[in-house]
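See structure below.
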Amino acid sequence: MAASGAAAAARSPGAPAGTAARARRPPSGRPARLPPLLVLLAAAAARPGTGGAALYRAGEDAVWVLDSGSVRAATANSSAAWLVQFYSSWCGHCIGYAPTWRALAGDVRDWAAAIRVAALDCADKSNHEVCQTYDIHFYPSFRYFRAFTKDFTTGENFKGPDRELQTVRQAMIDFLQNHTDENRPPACPALDPIRPSDVLSLIDNHEGCYVAILFESNSSYVGREVILDLSPYENIAVKRALDSDPAFLEKLGISSVPSCYLVYPNGSHGLINIMKPLRSFFSSYLKSLPDVRKKSLALPEKPSKEQNSEVVVWREFDRSKLYTADLESGLHYLLRVELATHRTLAGAELKTLKDFITIVAKLFPGRPPVRKLLEMLQEWLASLPLDRVPYNAILDLVNNKMRISGIFLTNQITWVGCQGSRPELRGYTCSLWKLFHTLTVRAGTHPDVLDGTGFEDDPQAVLQTIRRYLLTFFGCKECGEHFEEMAKESMDSVKTPDQAILWLWKKHNLVNSRLAGHLSEDPRFPKVAWPTPDLCPACHEELRGLDSWDEDQVLLFLKRHYGSDNLVHTYATALGGTGEAEGPEGGRANPERPGDHGAESLHPPGALPPTPRPSEGSHLGPARPEGHREVEAAAPFLGMGFSSLDMSLCVLLYVASSMFLMVMFFFFRVRSRRWKVRHRHPSV
């Protein structure tokens, strides 16, 4: 899991709703250079409600950038197959993998007529619903979509031993070969090997163009890769043959594989001399032959969506303070987006959610309306007699569809202490670390609040609940697995609430150390040991010339820093739900001194434009854009705002009551008839 300075969410520039042509095609040549002023303006610009950056950019990368409006149209009944990465731009592993994905897309750019490499950002709020539709729970997720698929499908999961470029490229070839003759992409040439007799036929009956035959072993992918590399080129055909007949190879003068045998347009033929028997050498040589030129592919043009040039505002903050806006924004994303990817919760998943909500409801130190909502959610889950719950029913309560007064949770993202120098850095993962630290500190300083929950007198209760939540629900699967490894190593050694506080602090610093220098590290907020000496001088001491920790002082600092007395409401969304955030004067802290974990100063350098930040309506906003409208229009029938679960229970009770009344009616009617019979025929 990323540390406090880890990646936040970013956006993937989307395409407007329409047909399959709306997925943006990467440029065939080098992009035009922009004037320096436009480059600076673009760096400071953001699309409303989505944030200002993406891991992949249409027009710059070879990756096809999809969004909620284009993914269905692009992959349905397409003449090409698709390999789509569903990622989240706050996920540190997604950020670290982005260069590999870009390199893959560039490496197989010539395969685009047969199979395309695409990406969709699930952190963009406009894509939340479509990622739920495609059943995306963890990031990154890789899905294949076959060509000419008419019915809706969530795709086929990539199942490779690793995600290295060569592994994925070879898996793409296997996927293409798994197409049937009926649904194979028309632009995909035959990839199966030809027989020796077919080779002789090609040599004897030349067709006025080059014919290259790659001889290779059965396990080699070089021939198929070269075939696809040359597929958009005309005046040349590439085939592959296996080395299964040594006598035939000897006849052609082939002593080693892979080797290329070339038939020229004039009918001459022979083995070509390649310095290194590598895919790139074969492809480069064949592309350079006289009269071999690239075809003019009739791919549809992809309209680009206009970018809004609204400049994202930097929020000054005091790094010695804990901000309500960070905690509430993280809760909003957790409840409305991350958990909403699970349509139904049952068994261990439901138990994990109940325990996590219980811990948060009892220990969250935020504003009363937010605490009240969490308490109502906890009580409702605890009293629910069902062993399977649709998450939409939970969302109804989180979104307050019943219009209960006094409960509230912002439906917007406002990062303050979790701001990053770029929108895809820090943010959500930073807010999770702050939330987890706050929960462990609150459990240590107010242990009585857990009375009656089943967690009392258990110093590991909060840590174990966090551990299960991350492994079950956290979108970055590898991050959750890393946390699980740390928990297996030493969590059992925690015997007191104070040890729980220090355990999480140590592991947080361990994650910082591991991710230092990673692509997800914010250059303006380097991942260093925290708290830094300027924040807590007493926490640091020197032993034999080495910096070391005074853990007693660290514990005091953590209790003070993550305590409710240090929580300020500056920039927090107004409780009326208007979406207006309180200004710097609205909180108790004086935000004149900026900064955060591991940063000396948060003032943007004077020579740079304002640092990009997600706006209040950034992509980590509501799980669905219409979520707020649903609250306003919640079931006007009879003036009540019942959820689908409430209505189902009402119908169930109605049916049960009707059946009971019918049984009672027939019971008394039968008794009445028997009574009449006895009085009509009195016994003698």
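Glycine too: its Cβ is placed from the backbone N, Cα and C atoms.
Automated prediction, rather than curation, is the source of TrEMBL annotations.
Here's what TrEMBL has on this protein:
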- 1-21: compositional bias 'Low complexity' (COMPBIAS)
- 576-586: compositional bias 'Gly residues' (COMPBIAS)
- 40-178: domain 'Thioredoxin' (DOMAIN)
- 421-530: domain 'ERV/ALR sulfhydryl oxidase' (DOMAIN)
- 1-32: region 'Disordered' (REGION)
- 576-627: region 'Disordered' (REGION)
- 651-670: transmembrane segment (TRANSMEM)
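Counting only same-chain residues 6+ beyond the ends of the transmembrane segment (651-670), none has a CB under 8 A from a CB of the stretch. Under DSSP, residues within the domain 'ERV/ALR sulfhydryl oxidase' (421-530) fall into helix, strand and coil as 70 helix, 3 strand, 37 coil. In the predicted structure, the domain 'ERV/ALR sulfhydryl oxidase' (421-530) carries a mean pLDDT of 91. Across the domain 'Thioredoxin' (40-178), DSSP classifies residues as 50 helix, 30 strand, 59 coil.
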